[in-house]
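Q: Can you read through this structure? Questions will come right after.
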Amino acid sequence: MSNKKRSASSSRWLQEHFSDKYVIQAQKKGLRSRAWFKLDEIQQSDKLFKQGMTVVDLGAAPGGWSQYAVTQIGSKGRVIACDLLPMDPIVGVDFLQGDFRDELVLKALLERVGDKKVQVVMCDMAPNMSGTPAVDIPKSMYLVELALDMCRDVLAPGGSFLVKVFQGDGFDEYLREIRSLFTKVKIRKPDASRARSREVYIVATGRKL
């Protein structure tokens, strides 16, 4: 891609981003990101969070989902968050900075979870996008497979899994895998998710024994 085309594409993205009503609302409300609104819509329909829950947030930065989750689980709840990028502190959130794909980071994350199972695992991870689906989709599927592995390790029976997935090769197989592990599975496209984006959110509840 030429610099001219890249510049035009970047300019369009910036214009779209800063005119987005959810970006504007997030700024007015002092929220970390527009992702807050996606999770709020999902919570209204699927009721994932309750007071006192422990939640794992993968791909947490800049903190939109963690920020929302703590409002739902209260002072007795706990969010354990992880991201490759730094994240400013949030009261009620135990944040670990590191690459989730790294064995040492995963070990540290599991140590923070401890022996008790968690009630929700949520994953908003995405790779650095090249704009080429044949490259981006496999990278994304690898990340969400790791997140599902995390569910197998730490999610309590009856627990819930929320994951952002980009539709493409491997999506149907991944969905079948999730359905084998949970009693109820829904696909959501929140209003705050841009229409042209391939992203959808799989909401899986009732982790099977």
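Heads up, residue numbers simply count up from 1 along the chain you see.
Every residue gets a Cβ built from N, Cα and C, even glycine.
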Q: Please state which member of Asp46, Asp83, Asp149 Swiss-Prot lists alongside Gly63, Trp65, Asp99, Asp124 for binding S-adenosyl-L-methionine.
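A: Of the residues offered, the record points to Asp83.
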Q: Across the record's S-adenosyl-L-methionine-binding residues Gly63, Trp65, Asp83, Asp99, Asp124, the largest CA-CA distance in angstrom?
A: 18
Q: Could you state the CA-to-CA distance between Lys164 (active site, proton acceptor) and Asp124 (S-adenosyl-L-methionine binding site) to the nearest Å?
A: 5
Q: Look at each of the binding-site residues, Asp83, Asp99, Asp124, and point out the one with the fewest other Cβ atoms around it within 10 Å.
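A: Output over binding-site residues Asp83, Asp99, Asp124: least Cβ neighbours within 10 Å is Asp99.
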